[in-house]
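Chemist: First, the structure itself, so that you have it in front of you.
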Amino acid sequence: MKRRLDDQESPVYAAQQRRIPGSTEAFSHQHRVLAPAPPVYEAVSETMQSATGIQYSVAPNYQVSAVPQSSGSHGPAIAAVHSSHHHPTAVQPHGGQVVQSHAHPAPPVAPVQGQQQFQRLKVEDALSYLDQVKLQFGSQPQVYNDFLDIMKEFKSQSIDTPGVISRVSQLFKGHPDLIMGFNTFLPPGYKIEVQTNDMVNVTTPGQVHQIPTHGIQPQPQPPPQHPSQPSSQSAPTPAQPAPQPTAAKVSKPSQLQAHTPASQQTPPLPPYASPRSPPVQPHTPVTISLGTAPSLQNNQPVEFNHAINYVNKIKNRFQGQPDIYKAFLEILHTYQKEQRNAKEAGGNYTPALTEQEVYAQVARLFKNQEDLLSEFGQFLPDANSSVLLSKTTAEKVDSVRNDHGGTVKKPQLNNKPQRPSQNGCQIRRHSGTGATPPVKKKPKLMSLKESSMADASKHGVGTESLFFDKVRKALRSAEAYENFLRCLVIFNQEVISRAELVQLVSPFLGKFPELFNWFKNFLGYKESVHLESFPKERATEGIAMEIDYASCKRLGSSYRALPKSYQQPKCTGRTPLCKEVLNDTWVSFPSWSEDSTFVSSKKTQYEEHIYRCEDERFELDVVLETNLATIRVLEAIQKKLSRLSAEEQAKFRLDNTLGGTSEVIHRKALQRIYADKAADIIDGLRKNPSIAVPIVLKRLKMKEEEWREAQRGFNKVWREQNEKYYLKSLDHQGINFKQNDTKVLRSKSLLNEIESIYDERQEQATEENAGVPVGPHLSLAYEDKQILEDAAALIIHHVKRQTGIQKEDKYKIKQIMHHFIPDLLFAQRGDLSDVEEEEEEEMDVDEATGAPKKHNGVGGSPPKSKLLFSNTAAQKLRGMDEVYNLFYVNNNWYIFMRLHQILCLRLLRICSQAERQIEEENREREWEREVLGIKRDKSDSPAIQLRLKEPMDVDVEDYYPAFLDMVRSLLDGNIDSSQYEDSLREMFTIHAYIAFTMDKLIQSIVRQLQHIVSDEVCVQVTDLYLAENNNGATGGQLNSQTSRSLLESAYQRKAEQLMSDENCFKLMFIQSQGQVQLTVELLDTEEENSDDPVEAERWSDYVERYMSSDTTSPELREHLAQKPVFLPRNLRRIRKCQRGREQQEKEGKEGNSKKTMENVESLDKLECRFKLNSYKMVYVIKSEDYMYRRTALLRAHQSHERVSKRLHQRFQAWVDKWTKEHVPREMAAETSKWLMGEGLEGLVPCTTTCDTETLHFVSINKYRVKYGTVFKAP
């Protein structure tokens, strides 16, 4: 996982850059720095990145209040409102307990001129809070409705803000997380706190109330110590000694939520390990806070229930059209992504989607919905303007954010009272002596580009402006300069101390000593003498920024060599061995997984989330172990001091390691707690350990308890989040499978697939000048016939619930799935007498007329005894092997068969996976029983015993039936797709993705079936198959396929004529060795008639010569002379007979010919046809020629013996002659011995006999070998 540069070191070192809430001394005297920068700054992100990519951490727990609301109305609003306070020593997290720390007098604050605003929350906060309420009270819908009624009453001004707080507190009694979460939507000055005794404290402007079970009762409370502080601030605690300041309390684990919605902050981490990003949400919430609504007076934000009601209105309006709602979300998310890109680019990026385009797309989406469109316009006030970054600027002008989402005030441009610095000098402010007059509200907010540096510099002093100009020129990067200004912004907001500011800007100004010294003098900063003895860390960080590593020497892809001109930093602790073996030349440039161009190698969002959890867990562990190591060292010192006398204790001193082995570890542990005062604490430990060690040790142990308690809470959150995303992180294919599979299952994609294969064959044949190869274009397999029943059951289940399909069509579909398809696939037929549909399928008969009632204007369904798709010939082939079925289909039938095969294949894969898991489970239990001697139940696995996994409601043996039930529930809409996918992942892990689109697949199949039973051409295709099936032209055994070639050719011609306007596919279902193979071939049905006159003349001449048996073309004579296709002796006999007939006709002897023809029966009805496009001759079915002599069989029996002996004598005479010439007597004798098995060694013991027999009137020698019993050697 890609780590930040500052995270690659131990988190202990990062503590120097972070402000610890428990330490407040550093804020007692601080200056403000005014930079001549544009008045709009980008939100301060978690890390501030310089121009070269080096990033610097910002304190994660700081949260500075926004400008309070000046409106007279106080009530819940979508805004992240916190108390205005100049010393953010206490942070009130959402859902956490009150955090207290030292209180210090606040400097006077000048009144803010003009209308004041508070930061607006996104609509996700409201939606997530509603989702949490809905989840909490899932079994009590009335509570959720009452909450919405309270919000509506407040909107109508029926109740005030205290009334809302009282009613919400009573409604959510017993749920402190919901009550505390409601603080997010309260105006400034109001705060709700839940006590341990279930009492609710409500802080209102001026006093604090307690809400008992019956309402609000004012309770006397001490007045606030600081009038300038809003009363929502926690009561200050008495001041404590400086060496032991009070640290911020960490939220208790009971307040940590198992599933943190987007609207709630993750429980506040200590300053060591704050989660850097919210958890990945499976469903992105709706965000419609695109701009400031012009219809809301005084620039009020969009109200809580206004946004909720609008979103709910869209959901309800398009309840039957979920695609519109999804498209609406997609438009908003695309717009927000563009705005984020524009914000990150700093004004150098033009969004591809403007507000005008957003409004236009929503207008097209909400056509004829004027009320929704007009209401949406409230969220896009500048839809008709051309401001590039209106939304981004509006958010930036209001505030900048730290990494916890807290609101940080914008730098004020009005005069502030000057405060004396530590060295007595004063910091000059903007010119002017009084408050500036109110600024009139402009119709549009200025964009970032409209505010120039020159305008901003008018408010600065010449020396300061000159300094910032030098800094901008020295940094030579706009991004680095903006990061430098961000440091000043958060210092002006008193988020960081002066020392931390100097440390943050040192990477920018460290390599410019003159500017850096001027800046430190301007701040009045003096380095502490106690810290001079410690080595400076990262002193050469600025130097690394000047090196151009792209031009340096490379070693592989991960290392760069430092240039020779680079001056190595001095190191006094190196030995000669260190100088010999340590690397000072090569710098590591690793290749991160996120930088890969291959999508398959990148981590998914769920993997990234788990990696972040592990990073946070690691950082927290490092901090805890560092603190524990320091505790052990100090305990050892305390034990040693207890054995010393008072005089020895007074003389006892510690070195820089504080009694341990490392200077850095213990110093970082103390700096994490005492912050700026850590140097004094360390100095006290070294000089006076007898007094300082017990105090510091007590402090460390207290923090150890707090952090351990926080760790337990975080472990719960991390565990739940890991469980939520663990299975998704393993599934790499499921993320993109749904989107890609939807495209694959489209009818157009299936047709394009086979058409592209057909075109490739045609092009290949054209290039090679060869004939087009004949054969199937696709070959698909049906591996298991049992799956056909499950596929048919799912399809019929969905068909039953389709109101758009007529009852008669449903019955036809049922017959196709239970009878017709199994017959094609040589499978067992299904049962049509479904008990579930007995009453539904029965014909409703009118009692008066006795005629079947009509449904939707169509006659009742046919009786069950009538089978519309009877295929008796195919049924006979079911139990045979090496058989086939032939089916010529159109587009709809082809698409249906493709989808049906995909469905069966996926069901088989899920079924096979379930069987494998059953086998693994059985093997594991068998191994535990035999090897470990443990016999456990099915639901008693080690993971469940250790509470690492929740017990499943379904046994492994029931996974496949449970999967089928879930598919039915998904088709019926009883479960949503996310719940369905999560359940599948839990059962089948990474193999579940193949079934994510099962509902879409079945719906596509049902649509094709509806076409098959209702479309005229599809019905004719089916009828043609059934008719040809009766003629024996649709299949049979493979070894007799040639005998049916004429019938199949006729079937093909009829199918091509029927489907002349669309594709014609030849489907062959071949059963071999128990498996069924489906082959698909796209036929060419286009006839291309030749217009060449030469070809036409040759064709006419060919037909004429063929019809006349007297003449033959010269080409044919020449071809027959070279390669005759008949026996020449037959030709001689025919010619001899012809000459004999001609001679008899001349002599007038007609009696013999008539007598010869009397005993002969003949038929001459053979017909043929020619295909004009290919000149191919095709014989007509049931036309034939034959000739038969009545006495031919009798005469053959009578002459059989004579003919057989004559032929044998002729053959024997030829053999004897050849043997006499080529075979000597010795060879003939050897042959006789070999036949009798004599004179050969190594033969199995046997006896050979020779008997003479007569076969077909001829004597033959019959040799018989009889083997003896073979005894094997022991």
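Including glycine, each Cβ sits where the backbone N, Cα and C put it.
Not my notes, these are from Swiss-Prot:
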MOD_RES   SER10  phosphoserine
REGION    205-479  region 'Interaction with REST'
COMPBIAS  228-237  compositional bias 'Low complexity'
MOD_RES   SER277  phosphoserine
MOD_RES   THR284  phosphothreonine
DOMAIN    457-526  domain 'PAH 3'
REGION    459-526  region 'Interaction with SAP30'
MOD_RES   LYS470  N6-acetyllysine
MOD_RES   SER833  phosphoserine
MOD_RES   SER861  phosphoserine
MOD_RES   LYS866  N6-acetyllysine
MOD_RES   LYS876  N6-acetyllysine
REGION    889-968  region 'Interaction with OGT'
MOD_RES   SER941  phosphoserine
MOD_RES   SER1090  phosphoserine
MOD_RES   SER1113  phosphoserine
COMPBIAS  1139-1157  compositional bias 'Basic and acidic residues'
Chemist: Return one of helix, strand or coil for LYS470 (N6-acetyllysine), based on DSSP.
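Modeler: LYS470 (N6-acetyllysine) sits in a helix per DSSP.
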Chemist: Just to be sure I understand, if DSSP states are collapsed into helix, strand and coil, how many residues of the domain 'PAH 3' (457-526) fall in each?
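Modeler: Secondary-structure breakdown of the domain 'PAH 3' (457-526): 53 helix, 0 strand, 17 coil.
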Chemist: Same chain only, sequence gap of 6 or more: which residues have a CB within under 8 Å of the CB of LYS470 (N6-acetyllysine)?
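Modeler: Once residues fewer than 6 apart are set aside, LYS470 (N6-acetyllysine) is near LEU515.
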Chemist: Tally every other Cβ atom lying within 10 Å of the Cβ atom of LYS876 (N6-acetyllysine).
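Modeler: Taking every protein chain into account, the count is 12.
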Chemist: Through the lens of DSSP with three states only, how would you label SER1113 (phosphoserine)?
Modeler: coil
Chemist: What whole-number Å value do you get for the CA-CA distance of LYS876 (N6-acetyllysine) and SER1113 (phosphoserine)?
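Modeler: Each residue's Cα considered, LYS876 (N6-acetyllysine) and SER1113 (phosphoserine) end up 50 Å apart.
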Chemist: Given a separation of at least six residues and a C-beta threshold under 8 Å, show me what packs close to SER1113 (phosphoserine) in the same chain.
Modeler: ASP1101, TYR1102, ARG1105
Chemist: Going by DSSP, is LYS876 (N6-acetyllysine) part of a helix, a strand, or coil?
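Modeler: LYS876 (N6-acetyllysine) sits in a helix per DSSP.
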